[in-house]
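Q: Here you go, one structure.
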Amino acid sequence: MNAPLAGIWPWLPLLWAWLVPEVSSSWWYMRATGTSRVMCDNVPGLVSRQRQLCHRHPDVMRAIGLGVAEWTAECQHQFRQHRWNCDTLDRDHSLFGRLLLRSSRESAFVYAISSAGVVFAITRACSQGELKSCSCDPKKKGTAKDSRGTFDWGGCSDNIDYGVKFARAFVDAKEKKGKDARALMNLHNNRAGRKAVKRFLKQECKCHGVSGSCTLRTCWLAMADFRKTGDYLWRKYNGAIQVVMNQDGTGFTVANKRFKKPTKNDLVYFENSPDYCIRDRDAGSPGTAGRVCNLTSRGMDSCEVMCCGRGYDTSRVTRMTKCECKFHWCCAVRCQDCLEALDVHTCKAPKSADWAVPT
């Protein structure tokens, strides 16, 4: 290695953290890190409280890191038909680039779904016996009653209270150090995400008795599939409430007095979103050039909306598909592999070449 570069190399993580605009949730970068000590010391932007928790609970950090892929995939599912599709940047420690420097509705959703993802990942790891600091919910013991009568707590109830508590301590740590509008917004949306997971905690039971008479029941609490949380937060995104800081700077109020004050379950934002039509570094917009659009749709994924009126290119592609499926007794369905030709429509690039500049 070149001698001058050899001297600089040990300082690159610090240099990177200094050069990149500060984004609150640098812990998202944990999905790409290695061992716990390397992760705790080199993830840019972690505050001291987050590093303390990271060193103290390496097994929890592994669960959080694995969970990043899950909630980013859910974000991409929810936005799959929109101009901004929750695409991540592998070489950016914020995952989403400058998008999160804006206090937009999209930023609100990302903070909420990521906070929810941490709760879900930690709680699941607790129930699976992967964490030293928690296990199944210790409070769910003995006998209890519901609308169907008496039952015994059994099995392994998901310890969601631990997941919520740890997620709040870790995720909110950096926001609590700031008193600005963005910090307050992020804290609110983080909490909304945590509450969303808990909202879908459901009681599951197993019956015991002769011929399934259910004379005895054993029950436990279980989290629903994360898709339910994603769908719920998506509805909250569509109904997100624009707010402004109050006069003393300790909270916010609705920007439009015709709207009700946001509840703890609502998502809030300060800034209007860009249209995401063209690549814009400052707005965190990747643009829609090259995105696949639906020629027959009238929704957000239509070629007219997705391509922002620029038009689209059409290419003929072939794909392998199942065909001539037949049911065979008993009990299988057998199909042939067939080649299918179809048209794929992709959005044209703007006439200006600026869109092609990499972010």
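Glycine is treated like the rest: Cβ placed from N, Cα and C.
Relevant sequence annotations retrieved from Swiss-Prot are reproduced here:
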{"type": "SIGNAL", "residues": "1-25", "note": "signal peptide"}
{"type": "DISULFID", "residues": "C75-C86", "note": "disulfide bond"}
{"type": "DISULFID", "residues": "C126-C134", "note": "disulfide bond"}
{"type": "DISULFID", "residues": "C136-C156", "note": "disulfide bond"}
{"type": "DISULFID", "residues": "C205-C219", "note": "disulfide bond"}
{"type": "DISULFID", "residues": "C207-C214", "note": "disulfide bond"}
{"type": "LIPID", "residues": "S211", "note": "O-palmitoleoyl serine"}
{"type": "DISULFID", "residues": "C277-C308", "note": "disulfide bond"}
{"type": "DISULFID", "residues": "C293-C303", "note": "disulfide bond"}
{"type": "CARBOHYD", "residues": "N294", "note": "N-linked glycosylation site"}
{"type": "DISULFID", "residues": "C307-C347", "note": "disulfide bond"}
{"type": "DISULFID", "residues": "C323-C338", "note": "disulfide bond"}
{"type": "DISULFID", "residues": "C325-C335", "note": "disulfide bond"}
{"type": "DISULFID", "residues": "C330-C331", "note": "disulfide bond"}
Q: Among the disulfide-bonded residues C219, C338, which residue has the fewest other Cβ atoms within 10 Å of its own Cβ?
A: C338
Q: What is the nearest of the disulfide-bonded residues C156, C207, C335 to C307 (disulfide bond), using the Cα of each?
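A: It is C335, whose Cα lies nearest.
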Q: Drop a 10 Å sphere on every Cβ of the recorded positions S211, N294 and tell me which sphere holds the fewest other Cβ atoms.
A: S211
Q: Given the disulfide-bonded residues C293, C307, C325, which one has the fewest other C-beta atoms within 10 angstroms of its C-beta?
A: C325
Q: Within 10 Å of the Cβ of C126 (disulfide bond), how many other Cβ atoms are there?
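A: C126 (disulfide bond) is surrounded by 24 other Cβ atoms within 10 Å.
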Q: Spatially, which candidate from the disulfide-bonded residues C75, C126, C134, C214, C293 is nearest to C308 (disulfide bond), comparing Cα atoms?
A: C293
Q: For the C-alpha pair, I'd like the distance in angstrom between C325 (disulfide bond) and C156 (disulfide bond), rounded off.
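A: C156 (disulfide bond) has its Cα 42 Å from the Cα of C325 (disulfide bond).
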Q: Please report the Cα separation of C338 (disulfide bond) and C156 (disulfide bond) in Å, rounded to an integer.
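A: Spelling it out, the Cα of C338 (disulfide bond) and the Cα of C156 (disulfide bond) are 46 Å apart.
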Q: Whole-number Å distance between the CA of C330 (disulfide bond) and the CA of C323 (disulfide bond)?
A: 20
Q: I'd like the Cβ neighbour count for C136 (disulfide bond), meaning other Cβ atoms within 10 Å of its Cβ, all protein chains included.
A: 19
Q: Rounded to a whole number, how many Å is the Cα of C156 (disulfide bond) away from the Cα of C86 (disulfide bond)?
A: 34
